[in-house]
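Here's the structure we're looking at; comments come further down.
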Amino acid sequence: MSDTEQELQRVIRRHYREKRELQAHIQTLKASVPKNDKGRRKQMLADISRLEAEMEQRHKQELEKFGENPDSSVDSVTADLEKMNLENMPPRPPKAQKRRDRRAHQERRHQERMPAAQAEQLAANRREEEEKVAAILGAKNLEMKTIPADGHCMYRAIQDQLVFSVTIESLRYRTAYYMRKHIDDFLPFFTEPEAGNFYTREDFLRYCDDIVHNASWGGQLELRALSHVLQTPIEVVQANSPTIVIGEEYTRKPVTLVYLHYACDFGEHYNSVKPIEVAGAFGGMAPRLF
């Protein structure tokens, strides 16, 4: 096999992995927005459509750089990859799920023609949320610090405030490990987003695998696990709800996260915080809060 063919196969394998990661991210997005919040669901579906189109276009451009039609190679490598991952793939979706997917696709197409008034309302909600959060944080002499919206935002916001060096991969692994070791403390809180059925132990273990291997978004249950892992309280500031404190049994200075509903195009998002910089003070990075 030539070097060009080997490189092509590496690219195709990466594309396959990226597609699976995007699908996992999409499922998390769908579960994160309440069904009765039509405005946010429409925005979320439009974001999903854009993400899919951007990935498809990028993959196409990368394959075209090889100077030939790679369709046959793509089919061959993809078939091999699917065979390798067959045992780890979830079961095929039932007919009801397929109908929901079709409706979601139709809604995405409708969302592409969202009236300007709705876009203006979303922007207004975003500004209002940011102003309220700024007031809450200002009372603590803090201000919001933007974290990338890449599916790792919760873990990145925590990483940003720790005095010791730790990778996102390590935080995800330690979160999943703790949840597996204390499955009875977490399992009762997990239900299927659509049907509402409680997770089986197998469902829960697959969920923990996603924490480690995918850019799955985290929530309060993952924060509970992280507070135990770090032995540190974690407080979550929101614009329209009281601040939530997780891990109050620990005495260290808390890590503070900001939970946003409108600041990110993908749906809910976590940001970090930092001390407010005083004008005229000596430069340098603000101290971390751990």
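Any Cβ shown, glycine's included, is placed from N, Cα and C.
Swiss-Prot lists region 'Variable-loop' for one of the ranges 167-177, 178-188, 211-221, 222-232, namely 211-221.
Swiss-Prot tags one of the stretches 147-153, 189-195, 252-258 as region 'Cys-loop', and that stretch is 147-153. Rounded to a whole number, the C-alpha distance linking C153 (active site, nucleophile) with H269 (active site) is 7 angstrom.
On its own chain, D150 (active site) has R156, A215 as residues at least 6 apart in sequence with a Cβ closer than 8 Å to its own Cβ.
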